[in-house]
Amino acid sequence: MTPHINAPEGAFADVVLMPGDPLRAKYIAETFLQDVVEVTNVRNMLGFTGTYKGRKISIMGHGMGIPSCSIYAKELITEYGVKKIIRVGSCGSVRMDVKVRDVIIGLGACTDSKVNRIRFKDNDFAAIADFDMAQAAVQAAKAKGKAVRVGNLFSADLFYTPDVEMFDVMEKYGILGVEMEAAGIYGVAAEYSAKALTICTVSDHIRTHEQTTAEERQLTFNDMIEIALDSVLIGDAQ
């Protein structure tokens, strides 16, 4: 056990899907997995282990922001032997060609957080996903006939940022989506020799203020989860 995870040794699979919301972790486990067991519940940050098409997989929430997700990712990797983490979450779009309900595979993650600079001796760290995991996710999406966008995310420290001009810079540099965790998870995975990927559904458009309805969000979210889960099976076969 750790200060933040009360699961016994061996409770987690080697692959963990991580949404921000612990109740979303519960939903994923109950909807997509079989033989589900709740393995941790410290601070109501719920974690579950079950099987998907016979493959053992775990689901656990990571909270909001890089500090929170970094704690859980680090402890899962170093204390529970987790080898791969797939963050599954929502993001906002700043580009007119990236629409609400699009699914984004985060090949890299820029950030205004200083966490990776602290970790990397005050140098810039290129926070990138594992290529094989990203490729498997693209293959899973194609097999389902689902279009995905692949490219850079921006992991922001502030949800309510006063620097709205930064959205223009993000658009200029081709940022596909804005969220709050990918760069941190990629940094932790690199530091501890694990692998990570972020898959996001665009839930809001920052420019147009368009938002998904609850029903639309759920349907698109389910597509994203199936892509993530099927990508694990594809990765196993590679």
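Even glycines carry a Cβ here, placed using N, Cα and C.
The purine D-ribonucleoside binding site annotation in Swiss-Prot covers HIS4, GLU179, MET180, GLU181, SER203, ASP204 and is backed by similarity to another entry. Under the heading phosphate binding site, Swiss-Prot lists GLY20, ARG24, ARG43, ARG87, VAL88, GLY89, SER90, citing similarity to another entry as support. The active site, proton donor annotation in Swiss-Prot covers ASP204, and the record cites sequence analysis as its basis. Annotation source Swiss-Prot lists site 'Important for catalytic activity' at ARG217.
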* Asked: Out of HIS4, GLU181, SER203, which of these binding-site residues is nearest ARG87 (phosphate binding site) by C-alpha distance?
  -> GLU181
* Hey, of HIS4, GLU179, ASP204, which of those binding-site residues are within 10 Å of SER90 (phosphate binding site), Cα to Cα? -> GLU179, ASP204
* Which one, from the binding-site residues GLY20, GLY89, has the smallest tally of other C-beta atoms lying within 10 Å of its C-beta? -> GLY20
* **Residue among recorded positions GLY20, ARG43, ARG217 with Cα closest to the Cα of GLU179 (purine D-ribonucleoside binding site)** => GLY20
* Asked: How many Å lie between the Cα of MET180 (purine D-ribonucleoside binding site) and the Cα of GLY89 (phosphate binding site)?
  -> 10
* Structure fact -> For the recorded positions HIS4, ARG87, ARG217, the largest set of other C-beta atoms within 10 Å encircles the C-beta of ARG87
* Structure fact -> Across the binding-site residues (GLU179, ASP204), the Cβ with the fewest other Cβ atoms inside 10 Å is that of ASP204
